[in-house]
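All remarks here apply to the structure that follows.
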């Protein structure tokens, strides 16, 4: 930074240096990964009909990213460890290395003629097999048909389209001519199903579901339906080639091209591919096949073409050419062993395994078919038939036969169940449990012991029960009547404080205080009731048990009613926490109270007494009838008031904070289903466990209300804190202008995350309250403990990242702001560079933080590290202009070429620089037009604000005027201008008089030159023009006069011209103008 006025601390300089240095390594890693991708994968994408850009995006980039993972991960670790600049490359060395790279990787390719002379016509439905020695041009011919090779001369027409016509889109030809390569070139990052569906989706524009359906059909056609979800590395060579055939067929071509599809396969695997090709031929598919399988050609081909040295040497019937080769060259080729079909290994093993000690396993039908077909191919060819006979005789003459080990089939792997199967299993399991519960209930009722009814004992206990119940109800009613004035005063006091806005906590605390008083009254009543029970039962166990049942039911039911009074408060509207009308509050409070009374006393008192004193069957019948009636009544109330409650909840959501509004609206949509589920669950629980069902439901309901209330309170507090902001001192705000805004942003985000965490904890506790989830066990065992540990670490990482970014960004902003001690604002260039450094710092910190967070939650960040080179990969494939923009912009800003506010000329545009970014500059013309100019388009530019301003003033004077007089008057005009203080302050030095600088037949030109402050040259020029005009007029100095001569034909015109010249006297002749 020595040549700039920018001062950067060592840490920032080290960060920038490491980024620049690492960028070169990452670019080289990216380049190496791209170059390592075999060209065949690109050709496979092109052969499907993809454009070059689509091939790069969907084929090359995914494969390159896979290979970039290890080196990029290593480079990332090295970049993090580095804390200073550790290598410097000189400009000369860098230039030399760049020249070597360009010379080594971008040299021109020499084009040679692989196919010399061809004249072929292939009709629809033909199967043409091309054979010939290596290098004769067989594969080149296929590649020319698919336009993977350029045609240097001649014409090639495919389906009416001229292949070598530059106006014809390559993709149209490739879509109609599917190609199968020798080396498969399946995309290794896709499964077999995805490979086949790739072409229909990307080329034909099919929807994913339709494409996958087509792919499954094609895989089934080639016998690989069960291998659809396997990757190419998990398939054998024959299976890969069959997938490649299915992939080529998926784009529905009119013709198939096969480039030696079996040359890379074993003899056994060869048969699998040939069988698929034979099936295609029988279906009438037009095919051009380059192969060495002569037996296959004889069986399938309709034409056999022999190519030698780039020319068609033979073209005719396959059988005739094979049996009687017309040319010596073809005869020699046919005699080679490589062109005979050999017997697959399975067939040989089957024939030689007779002497094995262990009998071989029975081959499948498919294996038998393959062996028979292969044997037929061998016997069909005379050469191969002779070789087979020799092999069999050698085996027969050998006394010792090799033992063929029996191959045990692999253990069957358990298949993953689908979602419908899982749902079915869960339904069956719970359905079975429910059936067992009903059977157990029926068995208990049917086999319950019958007990003799003792009328005297029953009515004696009932009288004591009635006396205790009456006393408890009367006492509780009198207590509540005495406390009602207190509740009324508490409600009025809370509402008055709420209207005065003294403290918003007054009203909630008053409501909770009233609820606490209600609970104390209930506790006092239960205490008195227990004392009365001890006095009234007279030591009778039956009476004591019935009275105990009553007191338990009374406490539970009245507690639930107290909760209802807390929510609805029908008698004291001032203590009502929710905006519910008086009529609605009384309606729901009354009905829910009756529901709880009937359910509570029915299940907790009546049913146990009947079971103990009368009969178990009768108690069970009463239990079912009571709960059935209560459930039907509850469902009626729910659906009868569904719309009214839904509207009330929506109105409540409109008046609530946005955070609560979301949950209230969601609850308004499903509240009736939740309420129905509540009563249905209560009904079934009461059937299976009458004694504990109500306790469980009440306990779960109480826990749920408590959890929701506490969570709502905490969320409300957090929402209020989110709306508030902190204010820093004026001095801190001057030194760090963005610090207050940034702190408020971090605090707001933290509080929002805490609010979300509160909701998640509340949901987890609600599930625990209803027995659907064991929160404590989850927290104390592996999964929960690990999750909490991860969350704590994530919070710490985010905290330290936020603190680090806030401190570093504040330091940069402090440098950008003016100093309180009078230090001037930094220059526009310094502001631009500091802003760039701040942005780079944000990218580095955010990237490192995200990677660490992903690593903490268990994500494998190796593929993500590879994604860091994706931008460089995209740049290397077509974004050179963007690179040029960035590099040119950086150097212009480093060289202080222009700053914001400068007046510049860029090309044909002159105006003020309003905005500068890393990619472009914004210029506003004097006309108001705003231009965005990329840095890469700037070759030269002029800046009028660099150091000085200057202008040259030329004045034309009539040729008849005196030169000395004109110079003197000009100097007087300049002296008069310089005597003006406002103009003199704008001029640097003294004006320079040049005298006469131009002479014509009409005028001469005098010049004066001024040097001014930047951007003040026009002000001085305009003032000078006015002053010169004034002095020239006073001195009588004339400007040049333009002479116009009109030429007329004839002698009269000549006389007129001579007369005019005589009259003009000493005036010089002037050139006529028009």
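Any Cβ shown, glycine's included, is placed from N, Cα and C.
Annotations in TrEMBL come from automatic prediction, not curation.
Since we're looking at a predicted model, the values are computed, not measured.
Here TrEMBL flags 1-130 as domain 'ABC transmembrane type-1'. Per TrEMBL, the feature domain 'ABC transporter' maps to 89-334. Here TrEMBL flags 111-132, 461-483, 504-529, 549-568, 588-611, 617-639, 659-688, 700-722, 743-770, 790-812, 833-855 as transmembrane segment.
The average pLDDT for the domain 'ABC transporter' (89-334) in the predicted structure is 74. Within its own chain, the transmembrane segment (659-688) is flanked in space by residues 437, 440-441, 599, 603, 623-624, 627-628, 630-631, 634-635, 638-639, 642, 645-646, 649-650, 652-653, 694, 696-697, 712, 715-716, 719, 755, which lie at least six positions past its ends and keep a Cβ under 8 Å from the stretch. Between the transmembrane segment (743-770) and the stretches 588-611, 617-639, 700-722, 790-812, 833-855, it is 700-722 that has the most C-beta pairs under 8 angstroms. If you look at the transmembrane segment (588-611), the same-chain residues 6 or more away from its ends with a CB under 8 A from one of its CBs are 546, 549-550, 552-553, 556-557, 560-561, 564-565, 568, 570, 618-620, 622-623, 626-627, 630, 633-634, 637, 682, 686, 690-691, 693-694.
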